[in-house]
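Quick look at what Swiss-Prot annotates:
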- Arg12, Ile13, Asp34, Arg79, Asn315: NAD(+) binding site (BINDING)
- Ser150, Cys151, Thr152, Thr181, Thr210, Gly211, Arg233: D-glyceraldehyde 3-phosphate binding site (BINDING)
- Cys151: active site, nucleophile (ACT_SITE)
- His178: site 'Activates thiol group during catalysis' (SITE)
Amino acid sequence: MVVKVGINGFGRIGRIVFRNAIEHGEVNVVAVNDPFIETHYAAYMLKYDSTHGQFKGTIDVNSNGLTVNGKAVTFYQERDPASIPWGKHGVEYVVESTGVFTTTEKASAHLKGGAKKVIISAPSADAPMFVMGVNEKTYDPSVNVLSNASCTTNCLAPLAKVINDNFGLTEGLMTTIHSYTATQKTVDGPSSKDWRGGRTAAQNIIPSSTGAAKAVGKVIPSLNGKLTGMSMRVPTANVSVVDLTCKTEKPVTYDQIKQTIKKASEGELKGILGYSEDALVSSDLNGDSRSSIFDASAGIALNDHFIKLISWYDNEWGYSRRVVDLIAYIAKVDAGK
């Protein structure tokens, strides 16, 4: 089954969700809204990408929007989500990727335009969060607004799940070494709420806060209160890495951990959790569609209960693929299939 989807916000995630939807096959984007991007500029931004390269298909501009690989995509420039006529195009699921409408109340405005469900491509203060491979099976069709959590939570949660399910995770600290993003500065500038965040992204390692580790407790309730973490923003354009230092309930060797993660990556978490023994660096993972790629040769163990695990993720491409996967999954559940 192919699901009709709309995207609100044609920024980094909006455009990369669009590209992933074309590759996916089960999701068809038929409408896009962004009040700040007209269609000719949208075509240019979709075609050329400094990080992920030039779009391989065809893009044509017409009076209603774009034709991408022969399929029509209507464009709107509405500021109020309630004014976007999603229903006119048969849109069932809307990807809310502006970063502005991240609460249930705000995101619900899309329902007024005819959409059936809204998937927020960011953490939400009150909408239920789902991480593919971790808790998507708890999805209830009565939910109209849901969140795909964050890119970092999507990397950390599958890893934490494997450790917790097999060895018991008693407590842990996470650091994500995270590529800079659009909210950061090219030169030092004002940032009154986060002074460090106002410093030049390309010249600095910038300590920052993140709720990604605590959010794991929302998708894996048994880990609630057992994980927290922070972020280090670094001068790379894309690809990030999670460093999870944790204690296990059961005694375990690092080799046992590697074997267990490898098995999961080839089984129930295939396509979501990866496993590699290669000498990887961040650019090797650019464009990787998996949520979390465990670096077996980078982790260490202090003893049988205290370990450090390293896992890579393309914070743009991998995360956007999970947004599309989540839509395809809930569409099947909603259809009773």
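Keep in mind that glycine also has a Cβ here, set from the backbone N, Cα and C atoms.
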Query raised in the report: Taking only the recorded positions Ile13, Arg79, His178, Asn315, which one has a CA atom nearest to the CA atom of Cys151 (D-glyceraldehyde 3-phosphate binding site)?
Result: Asn315
Query raised in the report: Within 8 Å of the Cβ centroid of the D-glyceraldehyde 3-phosphate site residues Ser150, Cys151, Thr152, Thr181, Thr210, Gly211, Arg233, which other residues of the same chain have their Cβ?
Result: Thr176, His178, Ala212, Ser231, Ser240, Asn315
Requested in this report: Find, among the binding-site residues listed as Ser150, Thr152, Thr181, Thr210, the one whose Cβ has the highest number of other Cβ atoms within 10 Å in the structure shown.
Outcome: Thr152
Requested in this report: Please find, for Arg12, Ile13, Asp34, Arg79, Asn315 as listed binding NAD(+), the greatest distance between any two Cα atoms, in Å.
Outcome: 27
Report task. Using only the Cα atoms of Ser150, Cys151, Thr152, Thr181, Thr210, Gly211, Arg233, which the record gives as binding D-glyceraldehyde 3-phosphate, return the largest interatomic distance in Å, rounded to a whole number. Result -> 16
Report task. Write down the Cα-Cα distance for His178 (site 'Activates thiol group during catalysis') and Arg233 (D-glyceraldehyde 3-phosphate binding site), rounded and given in Å. Result -> 5
Report task. Select the closest residue to Asp34 (NAD(+) binding site) from the following recorded positions, measuring between CA atoms: Ser150, His178, Thr181, Thr210, Gly211. Result -> Thr181
Query raised in the report: Of the recorded positions Arg12, Ile13, Arg79, His178, Asn315, which sits closest to Thr210 (D-glyceraldehyde 3-phosphate binding site) by Cα distance?
Result: His178
Report summary line: Here the binding-site residues are Thr152, Thr181, Gly211, and the Cα closest to that of Arg79 (NAD(+) binding site) is found at Thr181
Query raised in the report: Given the binding-site residues Ile13, Ser150, Asn315, which one's Cα is the least distant from that of His178 (site 'Activates thiol group during catalysis')?
Result: Asn315
Query - Thr152 (D-glyceraldehyde 3-phosphate binding site) - helix vs strand vs coil (DSSP) - result: helix
Query raised in the report: According to DSSP, which kind of secondary structure is His178 (site 'Activates thiol group during catalysis') found in, if we only use helix, strand and coil?
Result: strand
